[in-house]
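Per TrEMBL, transmembrane segment is recorded for 37-56, 140-160, 210-229, 264-284, 304-324. TrEMBL lists 69-129 with the feature DNA-binding region. What TrEMBL records for 131-332 is domain 'TLC'. What TrEMBL lists as compositional bias 'Acidic residues' is 359-369.
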Amino acid sequence: MLQTLYSYFWWERLWLPANLTWADLEDRDGRVYAKAADLYVTIPLAFLFLVVRHLFETYVATPLAGLLNVKEKIRLKAAPNPVLEKFYAATTKHPKQADVELLSKQSGCTVRQVERWFRRRRNQDRPSLLKKFREASWRFTFYLLAFIAGMAVIVDKPWFYDLREVWKGYPIQSMLPSQYWYYMIELSFYWSLLFSIASDVKRKDFKEQIIHHVATIILISFSWFANYIRAGTLIMALHDSSDYLLESAKMFNYAGWRNTCNNIFIVFAAVFIVTRLVILPFWIMHCTVVYPLDLYPAFFGYYFFNFMMVVLQSLHVFWAFLIIRMAQKFITGKARGGKWGKLPPGFAAVVEDERSDREETDNSEEEEEAAAKNGPLSNGHPVLNNNHRKTD
């Protein structure tokens, strides 16, 4: 049965144009072609990425956070309370008013104390500023290096300047060593993001992030074994061109460098819109939808690849809406407080943008006294004589 399923899955009519078979893509005469089996190496490489990431965050990102004076907010811990803790862990982190009143009777606390306990307990579970900075540093480093590497791979190729060259001779297109490593590294990185997404900082677009990672992995994998490599390298480099800007804006946001963060975010917004809403749909997708039909009739692989491109493009439109809304707040001065540097939670100081999980505040007198006494924290240590406040 498994053999039958395997045969159906790799049926040439699904993945290749008519009159072509997998035998046509076997290595011969010094020409090397992409093979599906090559992708197996990306799984162990993904785990290697996780190890490298841990080392990078420990020995590079953490000292860098100290140099940039990344400051933690003071967080008051919720007092030990077995009744409230059991409800928090087993039922919900956000009790309704009826639950609060019932818990008040069961725990011997007042309603206000129960509400305060849940606020503090939720804040304890939220990721620290240092964790966010370390993640942003890691992604910034990878995306920047990947963009540079991607440009080095494609900038001297004829299809970078003439998209019709993408399909010249397809699918009998020999693979280059640079293309092999570019694909393996990119795919391994996205596998590592998928493996670590549960432990990473959770954003409000968590589901969209999972869809994006899965769609990206499927697209890269399919474009590899169907020999859409030329188109694939263009698409990956295009995506990396703006991602490192967003991560650098986040880093400066967490470090409190508001003006730098805001300026980078404006550049990121412009690059994102041009690459994801103009170049990708009107150049790259036009290339993958229209030009192949000049060479062969449409087949399942053609429809499948372009369907996944539409999925990615839909996510780009969703994120572009958030970015444009935030950029509009910069330009019109309608951000919170009417100031350039204070925006709603997230994208970077950006911005405390629409994707962030906002930390709750508690304005009780005892907390204000504690904050005044202890002051903000920098990497877990109190910072004296600091009157600046930032939110993320």
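Heads up, the Cβ atoms here are built off N, Cα and C, so glycines get one too.
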### Query
For the DNA-binding region (69-129), what's the model's average pLDDT?
85
### Query
Would the transmembrane segment (304-324) and the transmembrane segment (37-56) count as touching if the test is at least 3 Cβ pairs under 8 Å, pairs 6 or more apart?
no
